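Annotation comment: TrEMBL describes 38, 70, 124, 184 as L-threonine binding site. The ATP binding site feature in TrEMBL is assigned to 61, 65, 120, 144, 146, 154, 198, 236. The annotation domain 'YrdC-like' is assigned in TrEMBL to 16-202.
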Ligand code: TXA
Ligand code: MG
């Protein structure tokens, strides 16, 4: 068991000496969890094959699930990738730093342990000064998956990281809650029409404004085979069984009320993930509003923390209201479906 240091850091102006200490750990082959604008990452030297193995071990993650490599400046990219397609350059210019991950052909310097055996590498530049300063000070690109135990909801605050990884890594940099709350969009540019492998912080509409047509990987649908290795695993799952209820708001509320009544009379504890618009309509269950339907970023930023909250409440079943798939709603619904193991009820 490691003695995990938890160091709080100013997210706007990270204290230099704290970043130096964290960077020292990265340089010497250790692991540091750090905030990004999406979720907390579990970081280590992306160029060291042993470090990738340590990351997989700490997370309990299958080794064929490739890691995202984080950089702080465009000048780092040439060393890592064989070519920079024109479309990638345009996207980087518009969305970096930010929640967009782009797949490139990797150079030999990146070990196969980091890419899960693939000849391609996923790269992003996070929009968070703690992350950027840490990468810069470390002097190496940082491989970082989300800082959770594999299969659990991603961490949107340092407490959630500690819950999963305390004693397993050297340090947690606590920069407060993250803003986007769901992970970056993963984009594959190898086909004529770009493919979203994982919907995330940069929306499909944002990408279409720049690229024209963009497809969503059809493999993301229930029962299909996704193109991105990481997407095939069960994910984001709370301990209780969860069902997503989709339909008009009135029907959602009515159905959840009825189901909750039935389950409660059978002695079960029910959690309801409601929205600002519906929360007051429920008279039973443990009701938590995930956010405002008219401001979906409030929903994405709360989503994972609330799934963990239901775990702590010890509920037996969770009902979650589905929301519109516009904008960041697409990423929210993708995470909800996975958290529910694709248990979806249309009403
Ligand atoms: O927002 C984020 O992206 C966060 C923060 C920490 O940056 N990171 C994150 O990493 O979500 P992770 O490891 O949990 O998810 C990486 C995703 C997986 O679905 C993985 O399969 C996909 O990116 N991926 C990585 N490399 C890939 C590659 N070469 N080809 C296809 N998919 C890849
Ligand atoms: Mg993850």
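Start at 1 and count along the chain as shown; that gives each residue its number.
Here the Cβ of each residue, glycine as well, is placed from N, Cα and C on the backbone.
Feature map: TrEMBL annotations on the structure.
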residue : record                   : CB count, 10 Å
38      : L-threonine binding site : 30
61      : ATP binding site         : 21
70      : L-threonine binding site : 28
120     : ATP binding site         : 17
124     : L-threonine binding site : 30
144     : ATP binding site         : 28
154     : ATP binding site         : 27
184     : L-threonine binding site : 29
198     : ATP binding site         : 24
236     : ATP binding site         : 24
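Cβ neighbour counts within 10 Å, taken over all protein chains shown, single out 146 as the most crowded of the binding-site residues 65, 146. Closeness to ligand 2 is met by none of the binding-site residues 38, 65, 70, 120, 124, no Cβ falling under 6 Å from the molecule. Apart from 38, 70, 124, 184, the L-threonine site neighbourhood in this chain, defined by C-beta within 8 angstroms of the site C-beta centre, holds 36, 37, 41, 68, 99, 100, 101, 125, 126, 144, 183. For the binding-site residues 38, 70, 184, a Cα-Cα cutoff of 10 angstroms around residue 144 (ATP binding site) retains 70. Ligand 1 lies under 6 Å from the Cβ of 120, 144, 184, out of the binding-site residues 120, 144, 184, 236. Residue pair residue 184 (L-threonine binding site) / residue 198 (ATP binding site) shows a Cα separation of 8 Å.
Look at residue 124 (L-threonine binding site): DSSP puts it in a strand.
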